[in-house]
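Novice: I have a structure here, written as structure tokens, and I will follow up with some questions on it.
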Amino acid sequence: MIRQKIAVLGPGSWGTALSQVLNDNGHEVRIWGNIPEQLDEINEHHTNKRYFKDVVLDEKIKAYHDLEDALKDIDAVLFVVPTKVTRLVAKQVSQILDHKAVVMHASKGLEPGTHERLSVILEEEIPNHLRSDIVVVSGPSHAEETIVRDITLITAASKDLEAAKYVQKLFSNNYFRLYTNPDVIGVETAGALKNIIAVGAGALHGMGYGDNAKAAVITRGLAEITRLGVKLGADPLTYSGLSGVGDLIVTGTSIYSRNWRAGDALGRGEKLEDIERNMGMVIEGISTTKVAYELSRELNVYMPITCAIYQSIYEGKNIKEAITSMMSNEFRAENEWSK
């Protein structure tokens, strides 16, 4: 593939890891963010120690303070910013971008209030003449492993197969591989909702439960993710793929997962405000829990795990009581995933 100019919006852990992948593939990478000290550190020391203490980045990766400079003559732009600011950043991009580019995002969440997926936000805020169909980059991936070039397989989802194939070629190499998928709804809902289940799995660990309980939450969590996703128009097969069960396994079982760690701390009795302050990173599963709970009520979708996490976070119910109370729910058949 010919060398491409890529703006990566968001110098967090995943944005930094994906920047390295793109740089390894010979592309010009421009990272943009809003913390001057962090951007200066990337340019002067080639490190991002807030997320990776022992990683030295290639000096060809440049960080930009000015969004206009980062977007100049780009071939593609990758959004890796928190869900809550995606719309704001997209508005800024639409005011600056003066030519058509491939628009991608690698964030996982649903917008509070509107309940919208991130690709929908980008479609609303960036005019058609400035972008391709949105490409979603999602799947089972810890930034801590990708940054050290561990083997990682994820998904490029788009309604436009050619745009998805472009992104597939853009990122793929001998340690990082993408598969295309036309089911944008399925890929995005899987990526967002698995964070809730990861909080639940972490909470079980924090409360001292074993592998049996964690496996139950993960598999029944997949069932309720699928129920809501299908109601929203997703293909149920997507949830058995990389962006579905794959991402759920990686996020629901690992200490690298900030959502799992948040759940673990909740399970040990820590207060949410203390957890968020100590972690110093966005815990998408917290805000997504509220959105998913509201959607489940609106669409009449049975989501008991999401409901239990919601009750604990937003209604003050004891986390152990909220989760263990599910054991007395009405009996159901396992294959009632669609109800």
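Heads up, the Cβ atoms here are built off N, Cα and C, so glycines get one too.
According to Swiss-Prot, the protein has these features:
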ACT_SITE  Lys194  active site, proton acceptor
BINDING   Ser13, Trp14, Lys108, Ala143, Arg258, Val282, Glu284  NADPH binding site
BINDING   Lys108, Gly139, Ser141, Lys194, Asp247, Ser257, Arg258, Asn259  sn-glycerol 3-phosphate binding site
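Walk me through the surroundings of each of these features.
Specialist: Annotation note: Lys194 (active site, proton acceptor) sits in a helical segment as assigned by DSSP.
Counting every protein chain shown, the number of other Cβ atoms lying within 10 Å of the Cβ of Ser13 (NADPH binding site) is 21.
Listed in sequence order, the residues of the same chain lying 6 or more apart from Lys108 (NADPH binding site) and placing their CB within less than 8 Å of its CB are Thr83, Ser138, Glu188, Gly191, Ala192, Lys194, Asn195, Glu284.
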Novice: Rounded to a whole number, how many Å is the Cα of Arg258 (NADPH binding site) away from the Cα of Ser141 (sn-glycerol 3-phosphate binding site)?
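Specialist: Between the alpha carbons of Arg258 (NADPH binding site) and Ser141 (sn-glycerol 3-phosphate binding site) there are 13 Å.
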Novice: Checking the contact step here: among the binding-site residues Ser13, Trp14, Val282, which have a Cα within 10 Å of the Cα of Ser141 (sn-glycerol 3-phosphate binding site)?
Specialist: Trp14
Novice: Please identify, among the binding-site residues Asp247, Ser257, Asn259, the one with the smallest Cα-Cα distance to Ala143 (NADPH binding site).
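Specialist: Looking at Cα distances from Ala143 (NADPH binding site), the smallest one goes to Ser257.
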Novice: Provide the three-state secondary structure of Asp247 (sn-glycerol 3-phosphate binding site) computed with DSSP.
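Specialist: Asp247 (sn-glycerol 3-phosphate binding site) sits in a helix per DSSP.
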Novice: Of Lys194, Arg258, which of the recorded positions has the most Cβ neighbours inside 10 Å?
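Specialist: Ranked by Cβ atoms within 10 Å, first place goes to Lys194.
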Novice: Can you name every residue in this chain, apart from Ser13, Trp14, Lys108, Ala143, Arg258, Val282, Glu284, with its Cβ inside 8 Å of the center of the Cβ atoms of the recorded NADPH site?
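Specialist: Leaving out the recorded residues gives Gly12, Ser107, Met281.
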Novice: Rounded to a whole angstrom, what is the largest C-alpha distance between any two of the residues Lys108, Gly139, Ser141, Lys194, Asp247, Ser257, Arg258, Asn259 that the record assigns to sn-glycerol 3-phosphate?
Specialist: 16
